[in-house]
Ligand SMILES: Cc1c2[nH]c(c1CCC(=O)O)Cc1[nH]c(c(CCC(=O)O)c1C)Cc1[nH]c(c(CCC(=O)O)c1C)Cc1[nH]c(c(C)c1CCC(=O)O)C2
């Protein structure tokens, strides 16, 4: 428990002193920080208005749109962090892979990676093509003041699922078949994806992002043994590429209950947890040396207010078992969510946890 002598200073003097960064490092906080995965996006009418007529992947490369869309949920909800408006497939798009994000579907790849030759033909990401990204991040950091900006990238495994399946899938069977049948090419593919994810992340951090999140959304389809052997080393390589850049590292996947200790071992300060494992149990699995992020079921936000309140209180209470707790959903905001409910969740978490 936090000793009085450790009490956090108020208010934050910089993003590095924000509650998000402090909770991620296991330091005392003023109140539990809260943000939402997919907070920038389709649940907001102001987002839909701004995006009208611009394709998703074009919007992601326009610094004016990126800045404004990233700021919208911060203004509206008073969340404790901004997350860059972008997408996990953007590094591939910028490198020249033919990808479209189809509304209501997700990323669709024109020529999926199906052979060893396809792996070797993937174009590398040239860092100087990310100037738009650095511009957007610098602008955002200037606008955000002491509110931290979270930079992010897709982890090698989750990006590989899109490349190999050709689009979203449930079982990721082709991906796993390739992993088992072509272990060397698999290793090369994930190496390459790790390099481009690292370039994408370091660009954001060097332009001023205060924390990073590596999304390995679909890693939960793997056994712990396969994850440890065939995936984790590549995710670790992404974190290692950050070198001595002193920003907290958040690592998240869905359905990772069996993988939680490994998700931490890949190099995270904060392990993201979905709604399937309560945070007190997640804290036991992850251990006392890392913080937790999560884990309200996004579907609970579609229920009545009393249910939302009860679920928020439960997550806050269970989160007290963790070294540090960043309140979030267990996955992204569902598009049909009432934005007013999101704002009330922020207020309730703050009210329940103000020191
Ligand atoms: C798997 C994944 C993707 N993208 C992302 C992940 C990992 C997180 C997760 O597991 O949800 C990450 C992502 N995508 C987006 C963000 C922006 C920041 C934020 O979280 O608010 C982030 C962090 C914007 C987006 N990415 C996408 C949208 C919707 C685009 C639109 O408005 O049409 C947004 C706002 C599109 C996208 N892109 C992707 C999917 C599955 C979809 C949804 C398809 C749909 O339901 O329309 C791939």
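Including glycine, each Cβ sits where the backbone N, Cα and C put it.
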Recorded substrate site member, picked from 325, 331, that accompanies 38, 39, 40, 41, 42, 87, 162, 217 in TrEMBL: 331
Recorded positions close to ligand 1 - of 38, 40, 42, 87, 162, only those whose C-beta is under 6 Å away: 38, 40, 42, 87
Close approaches to the domain 'Uroporphyrinogen decarboxylase (URO-D)' (150-166) from elsewhere in its chain (Cβ under 8 angstroms; 6 or more beyond its ends): 20, 35, 81-84, 86, 88-89, 91-92, 97, 99, 106-109, 112-114, 122, 137, 172, 174-175, 178, 186, 189-191, 193-194, 197-198, 200-201, 204-205, 209-219, 222, 231, 234-235, 238, 247, 250-251, 253
Length of the line joining the Cα atoms of residue 162 (substrate binding site) and residue 87 (site 'Transition state stabilizer'), in Å: 13
Predicted model, mean pLDDT over the domain 'Uroporphyrinogen decarboxylase (URO-D)' (150-166): 98
For residue 40 (substrate binding site), the number of other Cβ atoms found within 10 Å of its own Cβ: 23
